[in-house]
Structures are given as structure tokens and as C-alpha cells.
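Input: a single structure, listed below in C-alpha cells.
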Amino acid sequence: MAMATMATLATETQFHVLAVDDSLIDRKLIERLLKTSSYQVTAVDSGSKALEFLGLNGNLEQIDSNRASVFPDHRHQHIEINMIITDYCMPGMTGYDLLKKIKESKYFKDIPVVIMSSENVPSRINRCLEEGAEEFFLKPVQLSDVNKLRPHLMKGRCKEEDQPNNKRKGMGEIINSPDRTRTRYNDGLEVV
């Protein structure tokens, strides 16, 4: 019974990442890297499927009431997404378009979004970071890139915990960091 409890705790503390890429090879690579790093992963092949998975409809401010028909097993309705990692260049909806739609949503605007691209275009990178992307990775994504995700996930978790009922303090510098692509640690933190 203790083993079952430990497994439940491990599952509860595992971060869930929504990976979006139209390329099957790139999608499988990022999924494997994330799972190797102990993330729970849901992978989809387009921005529109990502929005569908999140339950966002056309106006982005309501949870889609038809979600049960899209995901009839209802398991997606209670899944918390902690981060979205998306390819930039996809047919239909680009990763940049997906980023903008996520950041416009009052329900999902605080979810960290990471953009990936095989093209190193500084104006594209800057535009994504200015729009709210946490990171911009050049493909092929490597394990060292995936290792950069955890601080962004921790910031998201700290934001959730800093709601009115939370009494934890000391992470303000990380959350309010003006440099969103680098982690800043508060040297005054003390481990008790």
C-alpha cells in the first residue's frame, strides 16, 4: 500500500506538457526527451488540435461546451497542463499564432509556452519572446534544452501557490524576473 501511495504522489507532482509539432519525427523526439526527464506528455500535430485539447473555442474566453463530443472519454476535462511546447512553423496555425491565442485566454494565459524552430531568425525569436514565450529552442531540441524547462514550470507552480490562500514567500524574484529567459535565484533563501 505504501508503494501505491508513493506512485500516486509521484504522479501528482509530475508536470504535464502539451507538445505541438506537425512533424512526426520532431514530435516523437520532443515527446521522448520530455518523458526521459519525467514529464507527462500529450502530443498533438497542430495548433488547432492543441486548442481543441485545451477546450478553447473560437472566442477563447469560454471553455468549449462541446468538449465532451471531441473527447468522449472525458479524461481530458480534468487534466492540468503545466506547459506548452510548440513548433513555430506549422501549416494552418503557426506556433506564434498558438502562443498569441494562449496568452489572450483568461484561463490559460499563465501557462508557460516554449517555441521551437529549425530556423535561427532573430526577429522571429524576439517577437515570440516579446509576445510571452518563456524560451525559444532551436531544433533539434536536445536534453540540455529540456533541462531548462523546470524553472519555468516551477514559476508557474509558484504563481498558483501565491494565490490568496497561499502563505509561501521568497520566490518573488523568480516570478517577477524582468529577464524571462533566464532564471534568477534569490540568494537570501534559506533551507530549513
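Along the chain as shown, residues are numbered 1 onward.
Each Cβ is built from the backbone N, Cα and C atoms, and glycine gets one as well.
In TrEMBL, annotation is done automatically, which means it is predicted and not curated.
Quick look at what TrEMBL lists:
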DOMAIN    16-154  domain 'Response regulatory'
MOD_RES   ASP87  4-aspartylphosphate
REGION    157-192  region 'Disordered'
COMPBIAS  179-192  compositional bias 'Basic and acidic residues'
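Taking Cβ-Cβ distances under 8 Å and a sequence gap of 6 or more within the same chain, the neighbours of ASP87 (4-aspartylphosphate) are VAL20, ASP21, ASP22, SER23, ASP26, GLY95, ILE115, MET116, SER117, LYS139. Residues in the domain 'Response regulatory' (16-154) partition by DSSP class (helix H, G, I; strand E, B; coil) as 59 helix, 26 strand, 54 coil.
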